[in-house]
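Peer 1: Taken from TrEMBL, the feature active site, proton donor covers A:E406. Summarising the annotation, TrEMBL assigns substrate binding site to A:H30, A:H261, A:R352, A:S379, A:H456, A:D464, A:H468, A:R515. Per TrEMBL, thiamine diphosphate binding site is recorded for A:H70, A:G119, A:P120, A:L121, A:G158, A:N187, A:H261, A:F432. Residues or ranges marked as Mg(2+) binding site by TrEMBL: A:D157, A:N187, A:I189. Look at TrEMBL and you will find A:349-520 tagged as domain 'Transketolase-like pyrimidine-binding'. According to TrEMBL, the feature site 'Important for catalytic activity' maps to A:H30, A:H261.
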There are 2 protein chains.
Amino acid sequence: MTLASDRLAPMANAIRALSMDAVQAANSGHPGMPMGMADVATVLFAKFLKFDPSAPKWADRDRFVLSAGHGSMLIYSLLHLTGYASPTLEDIRNFRQMGSVCAGHPENFLIEGVECTTGPLGQGVAMAVGMAMAERHLAATFGDDLVDHNTWVIAGDGCLMEGVNHEAIGLAGTLKLGRLKVLWDDNKITIDGDASLSTSEDIPARYRASGWDVFECDGHDFADIERALGQAAASDKPTLVACRTLIGKGAPNKEGGHDVHGAPLGDAEIAATRENIGWAHAPFEIPAEILADWRSLGEKGAKARAEWEARLAASDKGAELTRRMAGELPSGDEAAKTFAGWLESETTVATRKASENVLNVLAPLVPEMLGGSADLTGSNNTKAKCQSAFNADDYSGRYVYYGIREFGMSAAMNGMALHGGVIPYGGTFLIFSDYARNAIRMSALQQTRVIYVLTHDSIGLGEDGPTHQPVETVMSLRLIPNLNVFRPADVIETAECWQIALESAETPSVLALTRQNLPQLRTSGTMLSARGAYTLRRAEGGRKVILVATGSEVELAVKVRDALQGQGIGADVVSMPCMELFEAQDAAYKHEVLPNDPSILRVSIEAGVTHGWERFTAFSRNGGLNIGLDRFGASAPAKVLFERFGFTVDAIVPQILEKLSV
Amino acid sequence: MTLASDRLAPMANAIRALSMDAVQAANSGHPGMPMGMADVATVLFAKFLKFDPSAPKWADRDRFVLSAGHGSMLIYSLLHLTGYASPTLEDIRNFRQMGSVCAGHPENFLIEGVECTTGPLGQGVAMAVGMAMAERHLAATFGDDLVDHNTWVIAGDGCLMEGVNHEAIGLAGTLKLGRLKVLWDDNKITIDGDASLSTSEDIPARYRASGWDVFECDGHDFADIERALGQAAASDKPTLVACRTLIGKGAPNKEGGHDVHGAPLGDAEIAATRENIGWAHAPFEIPAEILADWRSLGEKGAKARAEWEARLAASDKGAELTRRMAGELPSGDEAAKTFAGWLESETTVATRKASENVLNVLAPLVPEMLGGSADLTGSNNTKAKCQSAFNADDYSGRYVYYGIREFGMSAAMNGMALHGGVIPYGGTFLIFSDYARNAIRMSALQQTRVIYVLTHDSIGLGEDGPTHQPVETVMSLRLIPNLNVFRPADVIETAECWQIALESAETPSVLALTRQNLPQLRTSGTMLSARGAYTLRRAEGGRKVILVATGSEVELAVKVRDALQGQGIGADVVSMPCMELFEAQDAAYKHEVLPNDPSILRVSIEAGVTHGWERFTAFSRNGGLNIGLDRFGASAPAKVLFERFGFTVDAIVPQILEKLSV
């Protein structure tokens, strides 16, 4: 069915009313954007978007991303009006209150119809790029009859100004992601005032320069909106539609001004708005006829979905697509068997190279793994032999050349994981995780299976110097909730950590890997890394010291232990590839590894800041001892740096003896 | 004097020879860029750049930024050849070795002629924007006869692709920074291969869309380079010069390929290059005639500097400019007296508002303070009453509307501080420091006086929800070396922390400030925050508990203490506005505040992750107690959130009693 224009205006006003009333009830929120973009969103949902409110997780639905997430009442209104089970009207009444799924910004983990969490500006567009990439990849793999959908985005000036968005549009243009359509809320207002205070860009020209199509429309003229969205839908390029709007459209005394951006309208202006838009209904009351028009939109989608379900059932690829979209890994224990064989190999190898070896086992077995690097493929060792390039000529490729765009890559990986059907992993130097830090946080908050391969993980990278040497980086990543930070010590732990990362469906992972070679330290045991930490070497004689180390410093800890044992001092070595997983163990296991006995001296060794290690060492003899690097590094060969900064047996053993002697 | 083109070729080859030989000697480094850009750099230094090697800190010199810092041998060659005292030939021979100032990437703190540290891609351009801003501001303030210089940048494809660069060029275009000239090493190569693997942008069109002029040249044709650089110098817009070059130019078998980017050429190719470019000299040997040509370039600059020194001496503004460029604060104790008066005021105010009050005292007294915000002026409270907008119509303004560009703002502030003559500060929400994190790290590494005003510092911001609520952010910033992270508890501490930040000439500061109101807790004492932590309330009766808290949780700690005292349990409250400064105190003071007595229970209270607090609490009764938030927040009013997550007297006191009873 197609709704005539005269039916659209009241539908759009329903969004305006719900938005202004919910913000007023909460006495907090952003009415300007939902009111300004109500007309555009109504046309999008009425005429273009493919969705079925009864099946929010339908694999072949169009994705809709509200990148300007502060305008959250827009999407809550749309989902409720079109008949999604969530949010209810009660949720909307409790906008921004504890327990309501209608949070201040849309959260993917609270409402199924919210495709991604879009609080931080710019990342919504960048995640949408990832969704569009996943769509093209799955379409190339499973065929257009099973995968054939668009990704629609609503973005504001803030999104467009952020650097991550620039990275995202450059990537989308290069990859010719024609299924990506961005509707720009061109209201010429930012929080500080007129957008001209801080920007003078010719935005259409900039997008065209990046390989995009650009169309424009009057964002309050339904026919013009439909014309422009139709052109966007027909384009085979990623497309920007500049929708000229009045922020807060409908509020007679405030529309077009920046005061309406982020504060309730107030009772008087709300009354004036009701008058102005002809909305004679009580707060949160939607007339049945208008609601029926909204609800009717789902019918088209339900029909399309039924047809798709039939195609899926008939396809010999249906089961595989269903498995992938469910996020279930392929069955079989081939990888585990291969890795078990490595125990006997005595391989000395950098963990970045070990990671490549692991990938060459896993990538052929797990076809949904989609790798890449931010222009450091040969350094991050992220490309498996079986992977060819993912590009506009071949979307079935499984390796993405992201370019020098760490943040854009990371946000795109979030979008891919949220889209489903692929498991994204991507590499850069560990230090440049700083550039992508908020996307990593968003992986964690959104509970996505994204795997960050972060190599060159300490001063062990050597000559490139302090700008490239992570010092605080590993510990700072450990502070992010719901993120597993792995720092494996050898090829065995690297294989284990990769497996854990793949199996963690709702927790992203960081693999912090060395540039330099490390000996194999483990020759027995299965999946010991899964407990986060374990005793790698046991004290002989009475245990007086426990050395806790990670990654490249485990080798050093073993040497320190041998030196202590040589002096008759019993010492354990605990390898701790993942603090977070160790923290999650029960008290009995934790005390087995780190006994609650303050007479034992606990010593941490890690080539990074010591702050944070006290959690594991301070409740110990004389407050414990932390060997680390509490300053920036320097430019020199790795071996020289480790010596200079005290990461040697000769430098560490005397400190331990002194602590023991007090 | 002007050198003819036939004299330039051997000069450029001197750069090529030094670069390939130094990289070979180090067996590490990047010869491709210095060899590719040798011709352009030679023309720049010979014909355009205003510099005096005998006075690297001359205030009115042109700034030269090697944004593509991996090509560090280019700048080391240029500085040595033109006669700067540093680096010496010995330094160059020891490229990338411990102790050499010729680090892998250029470091501003090692060599005076290096204007900024440029390891991380993109930030060199963004810092150059800040330098050009500082130049225009000082020119508007002190006149063109004292301040009149350009900022020249060499940047590569990597720099141009990074999001921070996009933010920077948008800002530069809007501010019409005509003194900014970027020379783009357009070699069409990235590490992964052809640049076309990951980018398809029409870069000149993109820059023009941002308000830039764009010129192009053959980067190996001296006359053409001079023509293009002349056009750039004459433009009144920020200007990009696309220099078409061959990476590794001169190496006959490797030039133009991506293998020459980041690895030594090898002995055979070096010999072939010598043959190819007609360089018959031994490694590190520069013929006297060529060296003389290079050394002659400084003469023009020395003459210009002498004239400038005379103008400076004659100007009534000379002393003030000299003071500002030296980074010395104005004398006088007016601010301190004002703040002392506040002790009696009993002001209840959010610390972001307290910060605004402080700014209204400091900004009129310290005219070099140049403020701004990333489009959150009214929320960050960063604009002092005395400040007007810094923009293309009035560069004497002292407040920058940075737009929604947190990373670009932060990098620009680094550039301003490095330029000298201004003290930049800028605001955003604390959580969005994630976007700018590596620029904050670069503030610390480069030892710049940059002040980050980061408001909405916990779940106390309320309804905006977990994407806006810092949880791990404060602690993660504390891990960065040479960064002071302040979290003041009330208006008094806010004033103290601002003063310390201003007085820290070589250490950047973060001020983490609340959205919500806080009562004044201090009514006596002077500059107690300078010791990082101090006893705010003393136990009555025997001291059994020490409560350590920061920012908004100090108020709660005082209430908890009162409740404990009501039960006869003596408890101190320690306010810790700056962990780093407390760590820097002597042992006697530290033990005065936190006695080395494990029978006392130490309790931390902070509305963020607990990891990291064990440093101050774990060596205490039963391992201490950490009250915090080890998960993401939620969307609800602040008061509801604090209750929900256990930040109440009723929730905390029983936990303390339990720890005491064990």
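Each Cβ is built from the backbone N, Cα and C atoms, and glycine gets one as well.
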Peer 1: Measure from each Cβ of the binding-site residues A:N187, A:R352, A:F432, A:R515 to the Cβ atoms of chain B, and list in sequence order the residues where some distance is under 8 Å, or 'none'.
Peer 2: A:F432
Peer 1: Would you mind pulling the DSSP three-state label for A:H30 (substrate binding site)?
Peer 2: coil
Peer 1: Round to the nearest Å and give the CA-to-CA distance linking A:L121 (thiamine diphosphate binding site) with A:D157 (Mg(2+) binding site).
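Peer 2: Rounded to the nearest whole number, the Cα-Cα distance is 9 Å.
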Peer 1: I need the CA-to-CA distance for A:N187 (thiamine diphosphate binding site) versus A:R352 (substrate binding site), whole Å please.
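Peer 2: Between the alpha carbons of A:N187 (thiamine diphosphate binding site) and A:R352 (substrate binding site) there are 47 Å.
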Peer 1: Neighbour count, 10 Å Cβ-Cβ cut-off, for A:H30 (substrate binding site): what number do you get?
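Peer 2: Its Cβ has 26 other Cβ atoms within 10 Å.
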Peer 1: I'd like to know the mean pLDDT over the domain 'Transketolase-like pyrimidine-binding' (A:349-520).
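Peer 2: Over the domain 'Transketolase-like pyrimidine-binding' (A:349-520), the predicted model scores a mean pLDDT of 98.
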Peer 1: Which of the recorded positions listed here (A:H30, A:I189, A:H261, A:S379, A:E406, A:H456) have a Cα atom within 10 Å of the Cα of A:H70 (thiamine diphosphate binding site)?
Peer 2: A:H30, A:H261
Peer 1: Which secondary structure state does DSSP assign to A:P120 (thiamine diphosphate binding site), in the simple three-class scheme?
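Peer 2: For A:P120 (thiamine diphosphate binding site) - judged by DSSP and reduced to three states - the answer is coil.
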Peer 1: For A:H261 (substrate binding site), write down the residues of its own chain that are at least 6 apart in sequence and whose Cβ falls under 8 Å from its Cβ; none is a fine answer.
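Peer 2: A:H30, A:G32, A:M33, A:I189, A:I191, A:I247, A:G248 - these are the non-local Cβ neighbours of A:H261 (substrate binding site), listed in sequence order.
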Peer 1: What is the interatomic distance between the Cα atoms of A:H468 (substrate binding site) and A:E406 (active site, proton donor), given in whole Å?
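Peer 2: On Cα coordinates alone, these residues lie 14 Å apart.
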Peer 1: Could you check which of the recorded positions A:S379, A:E406, A:F432, A:D464, A:R515 is the closest Cα neighbour of A:D157 (Mg(2+) binding site)?
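Peer 2: Closest candidate to A:D157 (Mg(2+) binding site), judged by Cα separation, is A:E406.
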Peer 1: Sort out for me which one of A:G119, A:P120, A:G158 has the most neighbouring CB atoms within 10 A, since those are the binding-site residues we care about.
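Peer 2: Per the Cβ count within 10 Å, the most buried is A:P120.
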Peer 1: Which state, by DSSP, holds A:I189 (Mg(2+) binding site): helix, strand or coil?
Peer 2: strand
Peer 1: Give me the count of other Cβ atoms within 10 A of the Cβ belonging to A:L121 (thiamine diphosphate binding site).
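Peer 2: So the number of other Cβ atoms within 10 Å of A:L121 (thiamine diphosphate binding site) is 28.
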